[in-house]
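Chemist: The structure under discussion is supplied below as structure tokens; questions concerning it will follow.
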Amino acid sequence: MAAMRLTLFRIVCLLPGCLALPLSQEAGEVTALQWEQAQNYLRKFYLHDSKTKKATSAVDKLREMQKFFGLPETGKLSPRVMEIMQKPRCGVPDVAEFSLMPNSPKWHSRTVTYRIVSYTTDLPRFLVDQIVKRALRMWSMQIPLNFKRVSWGTADIIIGFARGDHGDNFPFDGPGNTLGHAFAPGPGLGGDAHFDKDEYWTDGEDSGVNFLFVATHELGHSLGLGHSSVPSSVMYPTYQGDHSEDFSLTKDDIAGIQKLYGKRNKL
């Protein structure tokens with residue numbers, strides 16, 4: 001169980017002392033409910049320093065969040081801060097720039113297997129299969145890794161849709177908010193990518209959540225990437241609503257993944 005918790009990059013601190021000092025708000029523009037939502041957001045996505053074992057000020061964590069998103073580092077809640085906090089996003093905590101996951105975990109085999117074990121009812125199964133294949137190809141075009149799908153048994157990356165508590169200690173929260181999460185490369189749950197079944201998943205339509213975009217993001221985590229602070233990056237933590245069919249990895253995404261695996265030789 002301990003290993004399971006440490007595998008996911010989204011290790012959430014739930015201890016009451018994690019956010020030791022209360023947040024303040026600018027000009028009374030934030031409601032009590034939003035104040036509570038902000039505290040919960042910082043507990044989830046901006047973790048305390050486990051090495052020093054010191055209680056972390058909520059103000060410091062808010063400044064860290066403001067720095068990540070390119071906002072003035074006031075340490076105070078504002079409507080702009082709340083707007084970002086309320087956007088749909090990935091369930092993995094934020095780091096900085098194109099960053100890698102702690103200890104830079106990666107796959108050491110040149111062939112990585114994957115298996116899709118459950119589906120959304122919003123899209124035909126064959127289309128989900130095609131989208132996952134396309135998302136993985138975006139990454140494999142940049143690095144010397146190949147992906148092989150298996151239909152049964154074990155696989156390096158297990159992909160599926162689930163709702164609520166789905167057995168990994170990180171339950172989904174219904175429509176909106178957390179869209180999915182993924183585990184760093186490794187044994188057991190390592191590499192697995194989960195998507196919230198309660199979202200309305202689409203294939204690039206004007207409404208709903210673009211599955212290709214979110215799948216590409218989560219599978220980036222499955223390969224070892226953390227979040228990027230570059231808004232145009234696929235690895236940016238909040239959902240950008242990019243519905244275009246021809247979106248691609250940015251220079252930031254490519255730099256991150258090639259730092260882990262090197263470049264694919266072009267013939």
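Using N, Cα and C of the backbone, Cβ positions are placed for all residues, glycine too.
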Chemist: Report the candidate from HIS181, HIS217 that shares the Zn(2+) 1 site with HIS166, ASP168, HIS194, as recorded in Swiss-Prot.
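Modeler: My reading of Swiss-Prot gives HIS181 as the candidate in that site.
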Chemist: In Swiss-Prot, GLY188, GLY190, ASP192 are given as binding Ca(2+) 1, so which of ASP129, ASP156, ASP246 is in that site too?
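Modeler: Of ASP129, ASP156, ASP246, ASP156 joins GLY188, GLY190, ASP192 in the Ca(2+) 1 site that Swiss-Prot records.
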Chemist: On the 0 to 100 scale, where does the mean pLDDT of the motif 'Cysteine switch' (88-95) fall?
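Modeler: Mean pLDDT, the motif 'Cysteine switch' (88-95): 83.
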Chemist: Out of GLY174, HIS194, HIS227, which of these binding-site residues is nearest ASP156 (Ca(2+) 1 binding site) by C-alpha distance?
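Modeler: Ranked by Cα distance from ASP156 (Ca(2+) 1 binding site), first place goes to HIS194.
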Chemist: Hey, how far is ASP173 (Ca(2+) 2 binding site) from HIS166 (Zn(2+) 1 binding site), Cα to Cα, in Å?
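Modeler: With the alpha carbons as reference points, the distance is 11 Å.
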Chemist: Give me the CA-CA distance between HIS217 (Zn(2+) 2 binding site) and HIS181 (Zn(2+) 1 binding site), in Å, as a whole number.
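Modeler: Given the Cα positions, HIS217 (Zn(2+) 2 binding site) is 9 Å from HIS181 (Zn(2+) 1 binding site).
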Chemist: In DSSP terms, helix, strand or coil for CYS90 (Zn(2+) 2 binding site)?
Modeler: strand
Chemist: According to DSSP, which kind of secondary structure is HIS221 (Zn(2+) 2 binding site) found in, if we only use helix, strand and coil?
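Modeler: In three-state terms, HIS221 (Zn(2+) 2 binding site) counts as helix.
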